[in-house]
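Peer 1: Got a structure here, written out as structure tokens. Questions coming.
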Amino acid sequence: MNRQLFIEVLRQISSTFDLFKSFLSHEDYLKVENVLVIDRANNRQYVSGTIYLTATHLLFDDPENKRQTWILLPLISSADKLPTTQQGCPLRVRTKHFLSIEFIIPKERDCTDLHATLNQLKCDSIEKLYCFNYVAPTYLEKVWDPFLLATEYMRMGVPNREWRTETCNSSFEMCDTYPSLFYVPTSTTKAMLIASSKFRSRGRLPVLTYLHPNGASITRCSQPLSGFSQRCVEDEQLLQCILKTNSQSSTMYIIDTRPRINAVANRAAGKGYENEDHYSNIQFKFCPIENIHVMRGSLQKLLETCEMKNPSMNQYLNSLDNSSWLQHIKAVLDAAIFIARAVEVEKKNVLVHCSDGWDRTAQCCSLSELLLCPSYRSIHGFRMLIEKEWLSFGHKFGDRCGHTRVTDIKEQSPIFLQFIEIVWQLTQIYPSAFEFNERFLISLHDHCHSCQYGNFIGNCEKDRLDLRVKERTYSYWNYVLQNVNDFKNPAFRPQSAYASEVLIPTLNTQTLKFWLNMYHRFDSSLLPKENISNTLTNLVDHTAALNDHARLLEKRIRELRSVLDNGLSSYENIQNHVSQSTKILPDHDSSSNGNELPSSTIETKQSSAPTSSCDVESEIRDDQSLSGQPSSIPVTLQHQSSTEINEIPCNERIAFELNSVALDWRSYRTPFQCMCALPMDSAQRKHVCWRCGENFCSRCIEHGVRLPGLYSNSAAPVCKTCTRSIKSSLSMIECSKNLSTVTMKPSSLTDDENQI
């Protein structure tokens with residue numbers, strides 16, 4: 001069998017065996033055989049395989065095509081049993097990361113059991129979520145990098161003369177969905193804050209969320225409980241205190257992110273919006289962003305469009321337009337741009353609220369800050385933005401993402417998804433202004449639904465403290481930190497004008513795009529064969545590997561040149577030592593050249609030179625020596641110390657160095673699945689093994705391997721098969737070196753002769 005083919009088969013068998021061994025380590029799992037899956041690209045084509053269901057995953061194994069589909073159970077949004085057909089009983093599974101797959105199960109009883117089990121496995125309590133039982137890979141420690149809200153405000157220059165820290169919510173008594181500390185104007189009193197909290201929905205009073213370098217600020221709150229005629233003097237005074245913190249403007253904006261008709265309707269329920277007659281020096285503006293129910297329906301229509309089978313161009317585009325998804329995206333982005341322009345250009349304070357201040361308010365505040373502050377466009381800064389606006393100020397991730405089956409479906413809504421998509425739209429407009437890439441945004445969306453990490457569990461900071469998530473779960477941000485290179489944008493230029501300035505985009509009808517890699521990520525036939533960002537990342541990594549390897553080769557060449565330059569004097573010294581030692585050896589053939597050493601002496605001298613894995617080369621092989629005779633005797637260079645002499649690499653080591661780095665890498669567009677049969681979608685990075693040049697998924701790659709062929713000796717991504725090969729080869733070289741040193745070193749030589 002061809003050696004390369006044998007290695008390829010062995011790699012696939014080993015990887016698949018390890019995967020199944022870990023997967024089937026659970027004693028309880030459901031197995032259904034002879035299951036058909038409909039190919040969405042061709043309704044008449046079916047794929048046959050086996051379904052495995054455990055307490056955490058649903059796996060479909062297609063042995064014919066060597067392809068596996070893994071679905072984490074918390075990501076399943078619905079499992080619907082469809083009417084029986086001639087082929088069998090269909091079961092349609094939809095996930096929160098937009099996979100729609102239809103299984104046709106031969107026996108209706110098996111379909112019923114699988115459907116019932118899938119529904120039962122969905123958690124009925126937040127305490128049973130996956131994050132509390134998840135066992136992470138060994139490289140990921142259960143360590144939380146603490147986010148300190150005070151540190152982020154200190155970066156903005158707060159507290160200062162105008163703004164102070166307020167700790168009256170340290171026990172979450174004033175507002176249980178706010179952080180334990182927040183920032184208010186220095187001129188406010190505790191009585192003023194308490195009264196304003198009682199006058200605002202859910203107790204969410206106006207507090208500082210962002211301070212711009214020009215002194216203008218963004219504050220956030222919820223709608224007032226004004227009804228048709230109610231007012232609160234303390235709340236009016238609080239807004240006047242906010243206005244006075246900015247000396248550059250005599251007025252401020254109040255942005256209500258609801259359609260005006262919705263705000264007026266809320267007055268009948270005793271809520272509503274601020275009466276301009278009671279709040280002086282206020283400019284009031286409605287930004288018509290629809291509520292969570294409209295957004296949920298819009299996403300449902302969008303997904304139905306994505307699931308259409310062989311639609312015509314008109315059908316697809318009309319259905320996409322009828323979903324109004326991009327119109328809603330534009331409405332949110334328009335509001336954020338208005339806020340950013342008011343702060344940057346008009347230098348006015350802005351107060352933002354919606355109904356309860358945790359959905360549209362979070363969207364508009366975070367997006368406007370992303371436009372205003374370049375720091376938030378880095379990976380670390382974007383994390384700070386999410387921690388502050390979405391986690392600390394209480395977006396209801398548990399309800400909006402439907403983490404448990406007891407969650408009211410009317411509370412679910414793609415609010416965070418809209419925020420992520422708008423950020424992606426901005427990365428398309430300003431491709432060099434953001435440090436993170438599309439994969440980072442998709443990963444962020446997936447993990448806020450997967451319940452794999454504890455960051456997005458619960459509805460507010462208080463919920464996560466009560467659940468002790470930092471003690472019991474892993475952190476998503478630690479995962480990002482360990483894989484940060486996967487999430488970097490290769491086109492990012494931190495010194496570019498866009499990356500260091502305020503972004504105020506101009507939106508036209510043609511500006512926004514449909515996010516194909518998000519909503520069609522599992523339809524490989526629809527995706528581009530080559531992603532620009534992935535290709536650039538691949539080129540950067542390949543160039544780095546070749547440059548590092550070239551530096552090692554240049555060093556070897558310099559060492560050989562040094563040997564040639566110093567070889568004559570060193571060789572004469574060797575001849576003197578050899579002529580003395582040959583007096584105790586048998587006479588050799590008299591026909592030999594007087595300057596030539598006997599072969600037995602050469603072999604003895606060569607064996608006596610100890611070798612190791614040092615990167616110093618001091619031997620001449622397969623060449624002619626300066627005297628015109630073949631020589632393989634180690635030569636002592638003038639710049640080498642005795643310790644360097646003892647670390648000369650052996651032949652096998654040098655050959656291994658030259659072959660340990662792949663010069664050619666496989667193209668990113670070639671494989672659609674890993675060697676372990678895992679399909680590769682747009683959200684997964686295809687890792688290239690620096691030793692063999694093949695593409696692998698994240699679970700088949702090791703990131704801590706040091707290749708001998710790299711000058712920097714830095715860790716490189718290497719597949720598991722090559723990792724085992726490298727360790728085995730190094731062990732063999734070490735054993736060969738030790739054996740040569742111990743068994744072949746002549747005892748009759750002096751220390752000086754051994755050094756030579």
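Heads up, the Cβ atoms here are built off N, Cα and C, so glycines get one too.
Pulled these features from TrEMBL for this protein:
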ACT_SITE  CYS354  active site, phosphocysteine intermediate
BINDING   ASN291, ILE292, CYS354, SER355, ASP356, GLY357, TRP358, ASP359, ARG360  substrate binding site
COMPBIAS  591-614  compositional bias 'Polar residues'
COMPBIAS  625-640  compositional bias 'Polar residues'
DOMAIN    143-519  domain 'Myotubularin phosphatase'
DOMAIN    676-727  domain 'FYVE-type'
REGION    582-614  region 'Disordered'
REGION    621-640  region 'Disordered'
Peer 1: Could you put numbers on the helix, strand and coil content of the domain 'FYVE-type' (676-727), residue by residue per DSSP?
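Peer 2: Going by DSSP assignments, the domain 'FYVE-type' (676-727) contains 11 helix, 16 strand, 25 coil.
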Peer 1: Return the single residue from the binding-site residues list (ASN291, ASP356, TRP358, ARG360) that has the minimum number of other CB atoms within 10 Å.
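Peer 2: Across ASN291, ASP356, TRP358, ARG360, these binding-site residues, the one with fewest Cβ atoms within 10 Å is ASN291.
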Peer 1: Restricting to the domain 'FYVE-type' (676-727), report the mean pLDDT as a whole number.
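Peer 2: Here the mean pLDDT over the domain 'FYVE-type' (676-727) amounts to 82.
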Peer 1: Compute the mean position of the Cβ atoms of ASN291, ILE292, CYS354, SER355, ASP356, GLY357, TRP358, ASP359, ARG360, which form the recorded substrate site, and then list in sequence order the other residues of that chain whose Cβ is within 8 Å of it.
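Peer 2: Residues close to the substrate site, other than ASN291, ILE292, CYS354, SER355, ASP356, GLY357, TRP358, ASP359, ARG360: SER222, THR257, ARG258, THR361.
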Peer 1: Once the chains shown are all counted, how many other Cβ atoms turn up within 10 Å of the Cβ of the residue listed as 'active site, phosphocysteine intermediate'?
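Peer 2: I get 27 for this one.
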